Amino acid sequence: MYTFFKIQRICRKSVFSILQNISYGTMVEELASINILKECKQIIPNLVPSKHKGQSGRIGIFGGSKDFTGAPFYSGMSSLRTGSDLIYIFCVPEAAIPIKSYSPELMVTPFFDVDLSDDLIQWSQNLHCAVIGPGLGRFPSTFKRISEILPYLKEKSIPLVFDADGVVFVSRNLSIVKNYSEQIYLTPNINEFRILCKAVFDESAIENNSTMVLGEMLSSDLGEHVTVLLKGQTDLIFNSGKLVFQNETIGSSRRCGGQGDILSGCLATFVFWAKQCVNGQVENPYILAGIAASTLTRVCNRLAFNEHGRGMIASDMIVKIPPTFKILFDDLN
């Protein structure tokens with residue numbers, strides 16, 4: 001079970017004092033934020049010459065449908081830009097060629113209209129983390145296929161990130177999630193959060209409790225292996241029936257499509273890295289993964305908006321990931 005962080009929020013100004021090379025100063029909030037980022041840095045593996053391809057992360061994205069091919073691309077590219085080595089996209093056949101054409105960096109495999117083959121199972125079981133949901137769609141046949149692959153992921157203790165339509169899948173398959181043996185992250189927006197709550201609680205509980213309380217109740221009901229990262233003006237992270245972190249780092253007021261997909265990809269990389277720290281000297285590595293991904297995404301959003309304003313799109317944020325990562329984590333002493 002995770003305990004509360006002594007410092008529960010990153011203040012609005014402090015991250016940008018780092019980005020602008022302003023003196024860290026003596027503000028308690030500012031120093032607190034820097035200390036939190038230093039904690040996050042503990043889960044990030046060192047780059048050493050002896051490593052081989054794949055050791056920094058093999059991430060699978062289960063998503064992509066006829067109408068939504070951009071979402072898995074954004075998720076996969078964000079994971080790569082955060083530091084994963086290899087990205088596998090499992091999608092419907094109609095989405096495969098468009099996604100392949102977006103980037104040569106992504107390995108794309110049609111998945112949802114064929115029976116599970118030994119090759120597909122083997123590929124999925126070689127993953128370090130799986131993101132389920134970007135552009136997935138909500139067709140019963142698609143959800144059925146996700147239900148079929150999850151036992152194979154569970155067998156290899158592969159952590160999961162459920163986003164977008166993946167959150168809807170969870171709302172319809174609560175027992176699968178509750179009985180999963182490895183860490184799970186749910187990253188709902190407020191509408192997806194309400195869908196989850198309606199699947200778990202009765203109307204009176206929803207009407208009589210605040211979003212904060214519902215988040216705590218939801219994380220308690222789903223189990224301590226499930227962490228809920230509720231996206232919004234302030235990102236809220238819940239685990240084991242508690243609000244464990246709230247991130248007030250400034251993003252922007254721009255709400256273009258793809259921002260949640262970017263978070264899911266960044267988070268998948270950090271979650272795999274966090275798993276490497278379990279039973280080590282790092283406290284609460286999976287919570288640190290959520291804090292790191294949330295902060296990285298929000299800062300990239302702000303920097304891209306500063307450059308592009310109302311015309312900012314998700315691709316503008318992805319370009320900002322490597323330099324922002326370097327400043328927030330690699331260069332932080």
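In case you wondered, yes, glycine gets a Cβ from its N, Cα and C as well.
In the three-state DSSP reading, E192 ((6S)-NADPHX binding site) counts as helix. Summarising the annotation, TrEMBL assigns (6S)-NADPHX binding site to G135, N189, I190, N191, E192, F193, R194, I195, D261.
Residues annotated as ATP binding site in TrEMBL: 231-235, 251-260. Around D235 (ATP binding site), the same-chain residues six or more apart in sequence whose CB sits under 8 Å from its CB are L229, Q246, N247, S294, R298, listed in sequence order.
Feature annotation from TrEMBL assigns domain 'YjeF C-terminal' to 36-328.
The most densely surrounded of the binding-site residues E192, D261 is D261 (count of other Cβ atoms within 10 A of its Cβ). Here the CA atom of I190 ((6S)-NADPHX binding site) lies 10 Å from the CA atom of Q233 (ATP binding site).
Checking each of the binding-site residues G135, I190, R194, D261 against K231 (ATP binding site) by C-alpha distance, the shortest gap belongs to I190.
In this structure, of the binding-site residues Q233, S252, the smallest number of CB atoms within 10 A of the CB marks Q233. Counting every protein chain shown, the Cβ of I190 ((6S)-NADPHX binding site) has 11 other Cβ atoms within 10 Å.
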